[in-house]
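Participant: Would you mind keeping the following structure in view while I ask a few things?
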Amino acid sequence: MSVLVYTESDQGKFKKGAFEVASYAKAVANQLGTTVTAVSINADDTSPLGNYGVDKVLSVSNSELGLFNAKIYADIIKQAAEKENTKIVIVSSSADSKYLAPLLAVGLEAGYASNVIELPSNTSPFTVKRNAFTNKAFEITQINTDIKIVGVSSNAFGLVESNGSASSEDFLPVIEPSNLKVESVDRTTDKVTIADADIVVSGGRGLKGPENWGLIEELANVLGAATACSKPVSDLGWRPHSEHVGQTGKPVASNLYIAIGISGAIQHLAGVNASKVKVVINTDAEAPFFKAADYGVVGDAFTVVPALIEKLKAFKAQQ
Amino acid sequence: MNILVCISHVPDTTSKINFTENDTKFDTNGVQFVINPNDEFGLTRAMWFKEKQGAKVTVANVGGSETEPTLRKALAIGADAAIRVNTQATDGFTVAKQLAKVITDGGFDLVIAGRESIDYNGGMVPGMIAGLTNANFINNCIGLEVDGNTAIATREIDGGKETVSLELPLVIGGQKGLVEESELRIPNMRGIMMARQKPLTVIAPLESNPETSSVKFEKPAPKGAVKLVSEDNLDELINLLHNEAKVI
């Protein structure tokens, strides 16, 4: 009857999102007076999960599962849920978790609520609050099925440390053969991804050309942030589409979003509005983004950003 | 190739979002509805398969008669036939079950849906129909080629992209990248005239108990005015981000 949480790892290390969903699962388990079981696939060391409230880890180690396969991974989590007689499964909002969750929902005949931003307001009926209308409204959703799946929105709940320890148990699920074959993976591994980032630094057409992107990257480096761009920038080919954030690009739900030279078209705002704090740097005081932002600097990116980088370096050195 | 494109009927991005009946229903008053943008990229890719590879393209939607103009628009863009399952789209799982029946009955081997609708943002219908029809599934799909029974699909992953090969039947959760924005088509007069003659079949829904139900909607609290910091006083910005917002 424990709460089951899928804790994602990459190259053997847990993603930050794994600790956030573990924290959320622990809080739900507290509401229900039960424990937390995590299922992890090919993580080198599962003990860090204990720091975020996980009591037991079902640990799968299988070299054939090196590359993500949504169908197989969903099936592993389904088998873990059945083994634990779980009624509540918690997943993150990473690309992979959003990919497998609907398959898991069908497998477990479970209702699934995605983009959930708070703890359940009630556990019977099971009621959660989620982002809807592209962050322009919240929907209060009730899950009616016996088994329930909750997808937690990134950075919505945060990390909650607890001083427990997690026992680890080898888990050997049945793995069905798949006819899906990964042909190539093209990924920058040395940079913080938009999905995992606390801070995102994003550039728009105001930067005038791809040759000026060093400014965005340097500011991101100082802050340990991911870099992103507006749609015109990716349409112009200055930056790859994978960095485009907005309604038709990647969603952003960071703690801090810094928009430089981005006017703030409604489609852009729709994709980044879930970020908690927004800072805008723009020469045009009438840019619509200032209405959606928390802090703003009216000024030229080419003078403001270098000055900000120097001041942030000094600030970081003091910390 | 027999393609089904799932079309969600959604409020245009610029719509004002309001609710009625004690905040339990979306207020459609004065709202313009469009083909869900993520679905439109998929529909345009399906047109390419029709023109280059002779595919037949059907569009389907779960909704009341008020959604028919959106289906007619998809026909005007070039789809061959349309199906409307005559029930309100109340939750993602129910929509997926209705569409799964359409897919099984129609013998579709490629199903293209958008990765999520821009209204409820559930992001679950494509994966659920794949699960329900036992088809392969690619989410966040940004590139798709089909040769015979084999597909090559590219999906966006955190920090990059991945290309896979797999067999039909296949369901795609598509997005921008399947085609570019500049390739999207505006229906011309001939298309609109022809769309009137194309079949739009209305079918009765399956009986189904909803797995999730929408209880109520809330609008975010009005946001305070932006705090402007002079470009000569960036220390103040750092101070605000550190001490007030606590994000650095």
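Cβ coordinates are placed from backbone N, Cα and C, and glycine is handled just like the others.
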Participant: What does TrEMBL list, out of A:Arg187, A:Arg205, as binding the same FAD as A:Gly261, A:Ile262, A:Ser263, A:Gly264, A:Ala265, A:Ile266, A:Gln267, A:His268, A:Asn282?
Facilitator: A:Arg205
Participant: Go through the binding-site residues A:Gly264, A:Ile266, A:His268 one by one and keep only those whose Cβ is less than 8 Å from a Cβ of chain B; report them in sequence order, or 'none'.
Facilitator: A:Ile266
Participant: Look at each of the binding-site residues, A:Arg205, A:His268, and point out the one with the fewest other Cβ atoms around it within 10 Å.
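Facilitator: A:Arg205, out of the binding-site residues A:Arg205, A:His268, has the fewest neighbouring Cβ atoms within 10 Å.
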Participant: By the count of other Cβ atoms within 10 Å, pick out the sparsest of the binding-site residues A:Ile262, A:Ile266.
Facilitator: A:Ile266
Participant: By a simple count, how many Cβ atoms lie within 10 Å of the Cβ of A:Gly264 (FAD binding site), its own Cβ left out?
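Facilitator: For A:Gly264 (FAD binding site), the 10 Å Cβ neighbour count is 21.
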Participant: Using the residues the record lists for FAD (A:Arg205, A:Gly261, A:Ile262, A:Ser263, A:Gly264, A:Ala265, A:Ile266, A:Gln267, A:His268, A:Asn282), what whole-number Å value is the largest Cα to Cα distance?
Facilitator: 18
